[in-house]
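Visitor: Quick one: this structure, given as structure tokens, is what I'll be asking you about.
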Amino acid sequence: MTRRHTGSQPGSEAQAGARRGHRAVGTGSAVAAFLAFGVAPLAGAPDAQADGFEDLFDFSWLTPADVTSDVDPGIAAFDPAAFDMISIIDQWFYTPLHMGMTAWIDSDFGAMVNNAINEMSGQYLIGNGAAGTELNPDGGDGGLWFGDGGAGWNSDVDGVAGGNGGDALGWLGNGGDGGAGGFGAAGGDGGASAWGLGHGGVGGAGGVGGDGGDGGASVAWLFGNGGVGGAGGDGVAGSFANGGNGNGTAGGNGGAGGRGAFNLGNGGDGGKAGAGGNGAAGTADHVNGGNGGAGGAGGAAGSNFWEQGHAGTGAAGGAAGNGGNGFKDEDGNFLGNGGNGGAGGAGGSSGDPMSSTSGGVAGNGAAGGFGGDGLKGGNGGAGGAGANAGDGTGGTGGVGGAGGAGVTNGGNGGVGGAAGSSTGSHAGAAGGDGGRGGDASGAANVQGVAGNGGNGGAGGAGASGPAGAGGKGGAGGNGATDDDTIQTFGGNGGNGGTGGTPGSGVGGTGGNGGAGGNGTVGAGGGLLSGNHAQGGNGGGGGGTGLTGAGTAGNGGDGGAGGTGTGWRDVNGDHFTAGTVYSVGGNGGNGGAGPSSTAGTGATGGDGGAGGNGAATGVSIGGNGGNGGSSAVGVGGAGGNGGNGTASGGNGGNGASGGAGAAGGAGGNGGNSAGTAVPTNNIGVAPSHAGNGGNGGTGGANGIGGAGGNGGNGAVAVNGGNGGNGGTGGAGAAGGTGGNGGTADAGNGGNGGNGGVGGTGSTGTAGATGATATDTEAGTAGGNGGNGSAGGAGGTGGNGGTSNTGTGGNGGAAGKGGNGGTGGAGGTGGVDNAGNGLAGGTGGDGGAGGAAGTAGNGGASTSGTAGNTGAGALDGNGGAGGRGGTGGAGVAGTAGADGTTEAGGTGTTGGNGGAAGQGGNGGTSGTGNGGAGGAGGTGGTGGVGGAGGAGGADASGNGLDGGSGGLGGNGGVAGSGGHGGASTSGTNGGNGAGGVGGAGGKGGVGGAGGAASGAGHTAGDGGSAGAGGNGGTGGAGTDGSAGGKGGAGAAGGVGGAGGAGTDGAAGGNGANGGHGGNGGTGGASTGTPGAGGALGKGGAGGAAGTGTPDGTGGTAGADGTAGAAG
């Protein structure tokens, strides 16, 4: 028992109070019951395996739902929602009980009694565990009846961890606190509580850079809170002394909170994370600054076991260390580079989602550290990730650190941290914003390139609540100088983060892209390769969830391009000496909406605006960014082009829309102030205003987006051309073309062309007719649906005006969309008699859409006006749908074979159904009419039923076979549809008549019955059924070709005579059936249809044999062929 003591443990009460703060609450009868139990005399130690233990300590009656009935009504302004049962139990029951236990153990009389009991039992039953020492670092365990665990040893030795707290082994007692770790070492874990009532011990704090110890679990059955996790130690600032590398060290991770008790108790809070150390500033011997250390991860919250408590709070991630600055000489000039910032620590989780965790708070990610300043600025650190929630809202992502400022290069901003996921209806957490890029000053004959902004972090996923938004992209750094002789280039903005994915809720909106930075040159423009000063792309919107049940998030907008402030070419290296030159950055593209067509819609993000050039000198505006597409919503609009003194930037293109949604509008072109571009050696084009962007294509039934307007030109610069309107979706109008830009002495810009109208949708196919049953009648084939009308063409944009130059030409009108094709008629079914029913009529083609209006030419005050835009034709009418095929006749039923009677007669095959008429072609104004649909094919006649075999009479003579049934006639073919009329174009051709249905083959005659013995005669074969006639061909409509008649069917085979044996005479074979006549060709005022092929006569029946002494029968003759159609 070297780890135990029988005396007092000074300070134990103060330690308990310091660990757990309490506030007074009102009392009532329930509290009085606790107090009565708390001051009751102590009984003997309970058996750990005693029966009825769970019932004895069943606190199910102590639920928050019952509290209002026992609250003293005299307490004013009582708020039942603030009534915390676990806090009440802790304050009014457990704490007094624990204080009494401690006072007893620490008293002289108590020590005497306890020592006597322990000595007599030979076990340590009552008492607190001993505190840990360097020799025995872990705290001792409490007594087997009651007592607290001892505290772990606080290490003062580098690299040696603190001791773990002792466990409370009895029915009452707290676990011991873990000891603090030595330098660089972890803190000890808190001890576990007693098995009846008690709190887990607090985790020990980590030493410098060490991890905190985990809080002890409350393993109590009745009541107890988990211990708080120990704090992680802060990292050490970097140093170059004594051979150091100058880098800051990482902070320690916070310890996890302990689990709450089984019945009543809260999980412990996660331990505070340690901060990363800052990097050292550069020195003369080590000119580069050191890197900052990463922040530690926040401690995870302890879980509650049942719902009578809640999980603890996950700790936020630890702060990151900043990078050190590079070394400067005595004149203040940097000689070294800045160090990189450390990464922010991740937040601690809010409880185990696989347990019965309720409540709790997820920790947020920490911000990344800043990059240090230097010749090249250090990069900013990444933001820490937010924690996933066990039950609630996830933690937010940390902001990326800003890049350090530099001379040649600014540091890049850090990436924003991703947010944690949320549960239930809780709102999703936002991703962290990207860090700003560092500035770059440049120097004489030294280009300065600013750092790029960091990308935003992804938004947190949601469940039934809305998902989190993506973080914004960081802004690009600026060229930080007032000296216009130094070339500086703005950094690119960071991309926005992707919106969080929903379950059944709303997806998160994508983050907006960061703005591009400014510079004297701005975007480069031939002076430096690559993209600069460009706005970041917007983040994609959150999707529609795994099942498509959610609403998608919108795409983020693209960032604006940076501005060029103007660089002076003093020596004339690229332009005329003294020319001031600048280029605005391009806008970023909008983020895409959802790519899945499941769920409901959201829009694509708009493109960012192009940056402006400087207001003086020769400047060029940046291009606008393109809009983001969406599978279920409106396409994003293109960004406007930036303005310049020489040239404006082009507008960005609008994006395509989703089903039923419009395409995005094109952005407007930037203006030109009329400054002429001088001769140069870097490929700068002559001055011009920017063109408008094209409109996006509409989704199905969505209109096309409008084209952007061209930019205006001043002095002798031409106006920009308008963008073209987008093509309409199915059956929808095309977009309007953008107007041309205006001009002064230059020419006005041309208007954009109107968008083409969308083609109409194809009509639905007619349903197949049903076959009759005993309870339901058969049905004819359904009619095909009509094709929808084509969409109207878009209006052309107007030409730009001019003062002394030529006005711009108007944009061409958009062509109307073609009408949709009619749907085919459905195949006919079968009636109760086995005859085929009529096929459905083909659907009519849709009308062609009207052409748009051409744009007007631009006026000119003293010059020549522009021409009106070219006209366009209306769309062509859609073709009519084909008529449906007639239903096929059912085969006849075979006659029954005779036993003592003649064979049964086969039934006639069913007639084929009439075919449907072809649909009419769609009309058009100036386009061509649609072709009429072809008539359907007549239904095929059914095969006649076979005759049954003859039997024998009582005298032994064979009886005749049954006659075969007639074949069914083929169905009449459908006539062709009328061609669509055109007002001034070509009428559509009429549809050809369909082919008549083929007749059914005649039924086979039954065989005669056999006979045996002299004087008996075998039966004759049954007569064959005639073949069915072919159906009439479809009539040609208004001079179109008639359809071919259907083929006549072959006659049936005559029945064979019966065989005679033992002297009996054989029967005669029957004649073959007559072949069916070919169908008449379809009538027409033009070319009639050809007649159908004749049917062949059926083969005669074979003669019956007489063996060995009987007379054989006579063979039947072949049937005659039918007449040709």
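Any Cβ shown, glycine's included, is placed from N, Cα and C.
Automatic prediction, not curation, is the source of TrEMBL annotations.
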Visitor: Given the ranges 315-360, 683-728, which one is assigned the annotation region 'Disordered' in TrEMBL?
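Guide: Spelled out, TrEMBL records region 'Disordered' over residues 315-360, not the other listed ranges.
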Visitor: Between 417-443, 606-632, 930-956, I'd like to know which one TrEMBL lists as region 'Disordered'.
Guide: 417-443
Visitor: For the compositional bias 'Gly residues' (901-927), which partner among 764-778, 883-892, 1062-1116 gives the most CB pairs under 8 Å?
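Guide: By the under-8 Å Cβ criterion, the compositional bias 'Gly residues' (901-927) pairs most with 883-892.
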Visitor: As a quick check of your reading of DSSP, tell me how many residues in the compositional bias 'Gly residues' (883-892) are helical, how many are strand and how many are coil.
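Guide: Each residue of the compositional bias 'Gly residues' (883-892) counted once, the result is 0 helix, 0 strand, 10 coil.
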Visitor: When each of 335-350, 429-440, 457-479, 764-778, 1062-1116 is checked against the compositional bias 'Gly residues' (883-892) for Cβ pairs under 8 Å, which one has the most?
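Guide: Looking only at 335-350, 429-440, 457-479, 764-778, 1062-1116, the most contacts with the compositional bias 'Gly residues' (883-892) come from 764-778.
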Visitor: By DSSP, what is the split of the region 'Disordered' (763-786) into helix, strand and coil residues?
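Guide: In the region 'Disordered' (763-786), the DSSP-based counts are 0 helix, 1 strand, 23 coil.
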